[in-house]
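In what follows, a single structure is set out as C-alpha cells and then discussed.
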Amino acid sequence: MKKNNRMVTAEQSEGQPGMQLTRRRFLAGASALAAIPLLGGLWPRSALAQAISQALPQFTALRQAQKGILTGAHWGAFEAIVNGDKMVGVQPIADDPAPNELIEMAPHQVHAPNRIKYPMVRKSWLEGGVANGRPELRGRDEWVRISWDKAFSLVAEQISRLQKEHGPQSIYAGSYGWKSVGMFHNARTLLQRLMNLTGGFVNYSGDYSTGAAQVIMPHVVGSVEVYEQQTAWPNVIDNSQLVVMWGCNPMITLKNSWNLPDHVGLSGFEALKKKGTRMISIDPVHTDSARTLGAEWIHLRPYTDSAMIIGIAHTLLVEKLHNPDFLKTYTVGFEKFEQYVMGKEDGVVKDAAWAADICGMDAQTIKTLARDMAKNRTMIMGGWGIQRQHHGEQPHWLLVTLAAMLGQIGLPGGGFGFSYHYSSGGSPTARGGILGGISAGSPTTEAGRKIAPFPVARITDCLANPGKTIDFNGSKVTYPDIKMVYVAGGNTFHQQQDTNSLVKAWQKPEVIVVNEPYWTATAKYADIVLPATTTYERNDLDMGGDYSQLYVFPMHQCVPPQHEAKSDFDIFAGIAAKLGLHDAFTEGKDEMLWLKSMYDDMKTQARNGRVALPPFDMFWSSNNYIRFPIPEENKQWVRFADFRENPLLNPLGTPSGKIEIYSDTIAKMGYEDCKAIPTWMEPHEWYRGPEAEKYPLSLNTGHPINRLHSQLDNTPLREKYAVADREAIWIHPQDAKARGISDGDLVRAFNDRGQILVGAVVTENVRSGVVRISEGAWFDPADPAQIGSLCKNGNVNCLTFDIGSSSLAQGNCGHMTQLEIEKYTGPVLKNTAHAVPEGA
Ligand SMILES: Nc1nc2c(c(=O)[nH]1)N[C@H]1C(S)=C(S)[C@@H](COP(=O)(O)OP(=O)(O)OC[C@H]3O[C@@H](n4cnc5c(=O)[nH]c(N)nc54)[C@H](O)[C@@H]3O)O[C@H]1N2
Ligand SMILES: Nc1nc2c(c(=O)[nH]1)N[C@H]1C(S)=C(S)[C@@H](COP(=O)(O)OP(=O)(O)OC[C@H]3O[C@@H](n4cnc5c(=O)[nH]c(N)nc54)[C@H](O)[C@@H]3O)O[C@H]1N2
Ligand SMILES: [Mo]
C-alpha cells in the first residue's frame, strides 16, 4: 500500500493538463472546530485567527494577509496592493520559502497595453461567412469590433451548425495550455463543459511536458511516474550522498507550478547545497541550477543521453558494481538488456568508449560516474527535456534501468525521481482537504462519447491530414476532419513544433475561436477573439503545493474586469444561453456560489479525515489562507519503499508486477522505433546526421528563466533577458567566433523549416556545437503573407520539427533540431510581437 502520499493518475482533467489529482484520506485525531462559537457577520481578522488556532492548534493554521488582497499565479501566491481600480504592487505571502520575482509582474499583466479590449471578428470571416471567409488571411486580416451579444450568437451558431451537420468530431476543443491558476476559472475545463453539453468534441491525450515519458513509464513501473509524489525532501537531504541532475534545471523550473507553488523544492535544493551533498548536472548547458548549487557539470552532445546511460550500464556490469539480487527480485528481462549492452546479438560492445564517442565526451568520465553512483547512495533526478525528443521514451526507461542496476530503488535517498524539478515533487504531503474544480462533464451524445482523442502534439498533422491513421501505444488513432478549433487558456502558436507548418494547416478549419486576455499570435490567427479576464479580475480558490496540498488559498478579485473582458465562465455561460443551455452550464450558480460549493465539498472531505475547516463565508471574508499540518511520517516517505519491502504484496502496476526492463507488451506492438528493451537509436536529426552538414549546430530549447512559456513575454521582465529586443540565443565563443558574431549582435537562426531573429549571448555556459534559445517567444512573422518569413521576435518553434517521438508515445520533439546561425545584416525590423493588430 502506498502510504500517506498523494498520487497523481493519468486522467483527462486536472493537474498538469490531462492529469487528475487523487489522494488518500487520512484518519487521525479529532475534530475541534465545533468548539468555536458561531458568530454572524464579518469577523475581525485577528479574532478569527485567534479563535481558530485556539480551537485547532493541531490541525489547521490560518495565515493572515498583511497588507493586500490574497491572490496568486503559477509563479507564487501573493498579496496584491491595489489603489482604486489599479493594481500597483505585490508582496509575497509570509510562508513562501523562496518568493519569485515573477509575481512583481501582476500589475503589468492587468494593465498590459496589448490586452484584448473587446470581442473582435476577422473582417473577411464576418463578411464572407464560412463559405467565403478567406482563411488564408488569418494573421493578417483586418479586425472588426462587435458586441458581446453578437459574439455569443456567432459562436453559438457555429457550434450548433457543426454539431448538426458534421457531428462532435468536427470540433476540436482540446485546448491544451497552462491558462492561469484557480480551480474554478479553469478556461479549458469550462470550454469542454460547454462543448460536452452541445454533444461532445475532439479532445487530445497526453501533454507537451512529458509526452514520451508518461506513456512509456506505465509499461516500465506501472505508473506515469512523472507526476507522482517523490521520496520526501527531508529524506533526500538526510540520506542522499550523490544527487545526479540528469537534464534537469530545478532552480529555474521550480519557480512555477501548475497550482499555486509551495516552492519547497527550491529550499530542498538549497538545503543539499548547504549540507555539501555532492551534485552533478548532466546537460549540454551549464544550467543556472548547476552554477548556483555548485554542481559538477558533465556536458554531452545533445540527444545522446541514451548512449551515455548504456555506457554507464556497461561499466557497472563489467566491474560487477551492479546489484544482481535487486535485479532478480524486482525486475524482469534484465538478461536481454545485458545481452544488448554486451553486444551479444549485434556484435557491438556498448562500453564506455562506445558511448563516449557518440556523446562527444571522454570514456573516463563515464566510468568514474558509474563507480561514483555505485559507491554512494545516489538519487537520479531526471528532468523532461531529454524526453521531448525523437526516441524520447528511451532516456527515462534507461534511467530506471540504471537505478535498478544500482539497486537503491525504495531505499532512503536512493533510486530515481522524475518530478523533483517540477511543481515541488517531494514536498511532503499535508493532511487536509483537497479542492475539486468545476467538472467538464461528459458528452451528451453517443457520437460524442465514441470520439478517441489524438496525441496532443499531432495537432498540425491532424488538421492537415483528416482521415490519416497513426500508431499510438499499441492502438491506432484516425484523425477526424476538424472544422472548428476553439482555444481557451493555451497558446497553440507557441507550444506546437514547426510553427510554419502549423500556420499552413491552421488555414483548413472553417472557424477558429480564441478566448485570451492578450493579443498573442494564437489570438491574431483566429476568426473570433473573445477578451478574457486575468485571475486578478475575478474570484477563485486554489490549492498551494501540487504534491504537498499544503494550503487552501482564496484568490480574491483585486480590480474590476478591464475594458470589456469577461471571465471564461461568463463567456461560456453567454454562449450556452444562446444555445438554450445556460442553466445546464451554470447549474444555477454564479461565481461565489460555485466557490462556496467547492469549498464545502473540501470541508466535508477534510472532516472525514478529522481536519476541521471554518465555514466558507468566514474563511472568504477574513482574507486568510489555510495551512494544513504535515504528518511526521510523510516527511520521511520513500517512493517504492513498500514495493521493496514486499513486492508480492505491493506489486507495481505492470503486467509482471515488477520493473520491466523488457516489456512483453511493447514487444507485441512490434514497433521499429520503440523496441522491447530500452535501446540507443540514432535520432531524426543530430550532429552526425546528414542534415548536420548544412546545419551543424544542435538546438536546446529549455524553459525560460523569467517566464512561464509565453506568459509574461509582454511584460517589463523582458528587459532581463531580451537581447537587441529579441529572444536571446546562447552561443559558445568558438561557434560565435567562427561566424563573426559578437555578444549583443542580432543573429539569424535558420534551417529548412524556418528562420528567426535572436540576440546573441556569447557564453561558455553552452557546450560548443550547441545553441540555446528558450521556448516561449511570441511568433511575429516579418511578412505574414509569406509562410516561413523571418520571425522578428525569435519563436524557437519556427525551427523545430514536427514528428512523434515514436509510434509508442507520439510525444513532441521540441528539444531537438539542427540549425545554422549567421550575423544578421538585413533591414531593420521592428519587433511587433506584442503590438495590437491594426483595427483592434
Ligand atoms: N520547442 C519547445 N516547445 C515547447 C516546449 C519546449 O520545451 N520546447 N515546452 C512545451 C511544454 S512542456 C508546454 S507545457 C507547452 C506550454 O504551452 P502553453 O500552455 O500554450 O503556454 P502558455 O504560454 O502558458 O500559454 C497559456 C496561454 O493562456 C492564456 N491565459 C492565461 N490565463 C487565461 C485565462 O484565464 N483564460 C484564457 N482564456 N486564457 C488565459 C495566456 O495569456 C497564454 O497565452 O509548450 C510546449 N512547447
Ligand atoms: N521558469 C520556468 N519554470 C517552468 C516552466 C517555464 O516555462 N519557466 N515550465 C513548466 C513546465 S510546463 C514544465 S513541463 C517544466 C519543464 O521541465 P523540463 O522539461 O525539465 O525543463 P527544460 O528546461 O525543458 O529542460 C531541462 C533541462 O534539460 C536539458 N536538456 C535539453 N536537452 C538535453 C539533452 O539532450 N541532454 C541532456 N542531458 N539535457 C538536455 C536542458 O538544457 C535543461 O537544462 O518546467 C515547469 N517550470
Ligand atoms: Mo510543460
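Placed from the backbone N, Cα and C atoms, the Cβ positions cover glycine too.
These come from TrEMBL:
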| type | residues | note |
| --- | --- | --- |
| BINDING | Trp178, Arg388, Asn491, Arg538, Asp568, Asn797 | Mo-bis(molybdopterin guanine dinucleotide) binding site |
| DOMAIN | 71-111 | domain 'Molybdopterin oxidoreductase N-terminal' |
| DOMAIN | 115-577 | domain 'Molybdopterin oxidoreductase' |
| DOMAIN | 697-812 | domain 'Molybdopterin dinucleotide-binding' |
* Of the residues in the domain 'Molybdopterin oxidoreductase N-terminal' (71-111), how many are helix, strand and coil by DSSP? -> 10 helix, 18 strand, 13 coil
* Counting Cβ neighbours within 10 Å across all chains shown, tell me which of the binding-site residues Asn491, Asn797 comes out on top. => Asn797
* **Same chain, 6+ residues apart, C-beta under 8 Å of the C-beta of Arg538 (Mo-bis(molybdopterin guanine dinucleotide) binding site), given in sequence order** => Gly182, His185, Gln557, Pro561, Ser567, Glu591
* Structure fact -> Averaged over the domain 'Molybdopterin oxidoreductase N-terminal' (71-111), the pLDDT of the predicted model comes to 95
* Residues that sit under 8 angstroms from Asp568 (Mo-bis(molybdopterin guanine dinucleotide) binding site) by C-beta distance, when 6+ apart in the chain -> His185, Asn186, Ala187, Leu190, Leu191, Ala488, Gly489, Asn515, Ala532
* Structure fact -> What remains of the binding-site residues Trp178, Asn491, Arg538, Asp568, Asn797 after requiring a CB under 6 angstroms from ligand 1 is Trp178, Asn491, Asp568, Asn797
* Asked: In the structure shown, which of the binding-site residues Trp178, Arg388 has the fewest other Cβ atoms within 10 Å?
  -> Trp178
* Structure fact -> Longest inter-residue Cα distance for the Mo-bis(molybdopterin guanine dinucleotide) binders Trp178, Arg388, Asn491, Arg538, Asp568, Asn797, rounded to the nearest angstrom, is 35
* Asked: Tally of helix, strand and coil residues over the domain 'Molybdopterin dinucleotide-binding' (697-812) according to DSSP?
  -> 13 helix, 33 strand, 70 coil
